[in-house]
């Protein structure tokens with residue numbers, strides 16, 4: 001498999017995944033031209049588009065890509081039907097063609113219908129889990145998002161987290177403010193250097209995220225204390241909610 005990230009808009013990543021038989025999927029195309037240019041440069045013809053949720057910066061490129069490849073299948077949750085999805089999928093479904101076998105995982109929170117696509121080791125999780133952070137709660141509840149992130153945390157440690165935004169520096173700045181330790185500090189400096197060299201910090205691995213992503217550390221006593229919660233006095237979803245609120249105001 002070959003994985004390509006295409007920078008788009010101000011901080012988006014569009015993903016292309018190509019299997020050994022040159023079957024290609026496009027994930028969350030924010031805009032069309034960068035995708036069309038990349039496909040042309042490699043001589044690839046896409047088979048499908050995968051949409052994680054309905055926000056414009058994840059679906060804006062669908063019409064332009066469909067104009068060029070009108071036979072494309074477009075998979076997405078029900079909330080993306082008006083954005084171009086032709087095959088509606090939800091948690092528990094699977095998508096199989098070529099060497100692809102994607103499992104669909106329901107991950108509501110950022111939006112109510114948000115889904116993720118998983119084919120080991122790749123997880124295309126849209127705006128659910130970022131490196132060092134997680135998505136805002138635009139439609140869902142903190143409890144939903146906490147449960148969704150928990151589903152991701154149960155995947156193998158070598159899972160590649162292919163999220164849709166380059167937010168890592170700002171996420172790590174907040175993480176260091178909340179839970180200043182050597183591991184987080186070192187990773188913060190690492191991603192700063194990467195971005196200074198115009199390198200993407202994505203994909204990351206689930207193993208890395210378990211070490212540096214404070215939204216996966218809601219059971220940490222020091223973290224709870226540092227965000228104003230008496231240790232072990234609240235459900236972990238409430239700790240997550242408080243952490244997300246503080247990130248929104250950071």
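Even glycines carry a Cβ here, placed using N, Cα and C.
Here the structure is a predicted model, which means the values were calculated and not measured.
According to Swiss-Prot, 53, 55, 110 bind Zn(2+) 1; the candidate from 28, 37, 93, 127 that the record adds to this site is 127.
Among the candidates 23, 99, 165, the residue that Swiss-Prot names alongside 57, 58, 127 for the Zn(2+) 2 site is 165. On the backbone, the CA of residue 53 (Zn(2+) 1 binding site) and the CA of residue 165 (Zn(2+) 2 binding site) stand 14 Å apart.
Ranking the binding-site residues 57, 127 by other CB atoms within 10 A of the CB puts 57 at the bottom. For residue 165 (Zn(2+) 2 binding site), the nearest of the binding-site residues 55, 110, 127 in terms of C-alpha separation is 127.
Neighbour counts of Cβ atoms within 10 Å were compared across the binding-site residues 58, 165; the minimum falls on 165.
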